[in-house]
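S.K.: Pasting the relevant annotations from TrEMBL:
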COMPBIAS  168-180  compositional bias 'Low complexity'
COMPBIAS  199-213  compositional bias 'Acidic residues'
DOMAIN    214-266  domain 'PHD-type'
REGION    155-215  region 'Disordered'
Amino acid sequence: MEGIPHPIPRTVEEVFSDFRGRRAGLIKALTNDVQKFYQLCDPDCLSFCLFLLTYVVLAEKENLCLYGLPNETWEVNLPVEEVPPELPEPALGINFARDGMQEKDWLSLVAVHSDSWLLAVAFYFGARFGFGKNERKRLFQMINDLPTIFEVVTGNAKQPKDQSTPPNNSSKNKSSGKVSRQSEPLQSKGVKMSPLPKEEDESGEEEEEDDEQGATCGACGDNYGADEFWICCDVCERWFHGKCVKITPAKAEHIKQYKCPSCSSKRARV
């Protein structure tokens, strides 16, 4: 697989550095070097390719793999012959799927398998060198802060969310809450947010009352919880636990204007 030996990562930081290098190489193959990568995966031709200053013959109709290397390079090569392999192996036979799919779909498929392979390699090192619970958690958090290869290749890489916005902020500005529901539907419908920060009080007791009202559920009266799904009523601007008003995050995605049970019943009576 890899013609030049690389240092074996043994700490969380070293494993993450290895992960990041391999990830950079794979992204390069699927974006900047995509035409070269596409040609190397031709399932019908006999290709002579230069890998790490050595010519390697890729025999016709062989199963090929895409490898990302720790030095931020990539290679298309035959799978290793040793069983079991020294490291987890990437998806086998990517070249056979190439001509049976649209190029965009094929690249997305390779990207998904590459993401899975990167995680497998990283946690293989973690298992091999006895990472404990906290070390595994820290490694995953470092990895999870990076967009996946699939997100980069498909253009769906998500921007980091500002998790300091409490639910009661929208109750202070009626129009801003409705605008944020369209531009950031998950955020406005109460997807997990961090605990309520204490804001500087510039308008006296009125803002303190707003903060207290926004920090409790309008149905059950319980305090805001960072790990719970919340949704805001567009009429009375009170926040509710999704479970209290029987609204799930998936259902909230299709609601243009949410009215709590109380506001809905008032409208019905009128």
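Quick reminder: no glycine exception, Cβ is built from N, Cα and C everywhere.
Unlike curated entries, TrEMBL annotations are predicted automatically.
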S.K.: Please compute the mean pLDDT of the model over the domain 'PHD-type' (214-266).
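M.R.: A mean pLDDT of 82 is what the predicted model shows over the domain 'PHD-type' (214-266).
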S.K.: Summarise the domain 'PHD-type' (214-266) by DSSP state, stating how many residues are helix, strand and coil.
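M.R.: When I sort the residues of the domain 'PHD-type' (214-266) into the three classes, I find 11 helix, 8 strand, 34 coil.
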